Amino acid sequence: MNGRIIKINRIPVSVIVIIVTCILIYLYSSGEKPAAYSIFTNQNNVNVRKLLIGAIHAAQRGGLEIVEVAQSQDLKERSKGKTDEGANDPYTIADSRSHCVMKQGLLRIFPRITIISEEDKETCTESSTFDLDPTVLHETAKVTDELVSVHDITVWIDPLDATQEFTEKLYQYVTTMVCVAVKGNPIIGVIHNPFSGQTAWAWRDHSTSEYLESIRLSGSTTIEPTITVSRSHAGNAKDLIYAVFGEESNILAAAGAGYKVLQVVGNNATAYLHSTKIKKWDICAGDAILRTFGGKMTTLDNQIIDYGPNESPVNARGLLATMVNHELYIDKIVAYRQGTNVKSKQR
């Protein structure tokens, strides 16, 4: 007072930083981790158990959007153009609504993960989201908390597989799919049918859904070799099968990559073959499920498919998926294609 100025000594910011750092190091070394420390260290990690729950929720919520559109009978159908096989590639409002709720719902909970969806070109306004509810897992599911770097995760979404069949009301083929890949390897696959309400999911080396187990256990054990192919995007698959395996080969024409993979898992088909380009959001979930049971999915030149974020979303080299005897099938296909190429060059 009396005109005097009181000076306050300010502690340099650097000193404060050093003190806080020392406290954090002490607490960490003593086994105590404060909330602030956990937030800092976990911001680059994703809990895979929670991501599994989110993937299941996303597939089911997308399915609800599809059912609502089907019930309205106002599909707002238009064409994206022609596929490589020359078939119409339809698009409906159900594709868009499912995409928006699935992708936005996951990003709200996991904002830093990379998500690739078939309908990424669509603009999403406000759409319904969802919260994580662990009751989507059955009581005997063996899932634990595991952390994975967010930079290693890629999520693939197919918001409506078998759109053509959806427009034809062939709802048994329609699915929503979510796949989680870590460093390009598919570890979680979710395939959900909106109209039956059944969800097949698998987390490799951990657990599977009861529905998926029932498919696996109820399948035939003595089925004759039967190869499933696309009913609307077959390309030359049937000709390839007859040329490689004989004119008497059993062919099961079906729709939806997810549906066809489940036919293989359930042993209603011994193999799934696709001879032309196919997108990775169509096959990633099925690949994860097949691997869970010891099955295999490769290109037609026997290459494992990489689902990393920096790879092309298109698998341009065909597809073969089996539960058993993969090498037996693939060796015959490779030998036939190599022989065909040699003959073509000699002409």
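Glycine is no exception: its Cβ is also placed from the backbone N, Cα and C atoms.
Please treat TrEMBL annotations as automatic predictions, because they have not gone through curation.
Database features, via TrEMBL:
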- 12-29: transmembrane segment (TRANSMEM)
- E118, D158, L160, D161, D282: Mg(2+) binding site (BINDING)
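Taking the centroid of the Cβ atoms of E118, D158, L160, D161, D282 as the Mg(2+) site, the other same-chain residues with Cβ within 8 Å of it are I157, P159, A162, T163, T175, T176, M177, A257, G258, K279, W281. Between the candidate binding-site residues, D158, D282, the densest Cβ environment within 10 Å is the one around D158. Cβ neighbours within 10 Å of L160 (Mg(2+) binding site), excluding its own Cβ and spanning all shown chains: 28.
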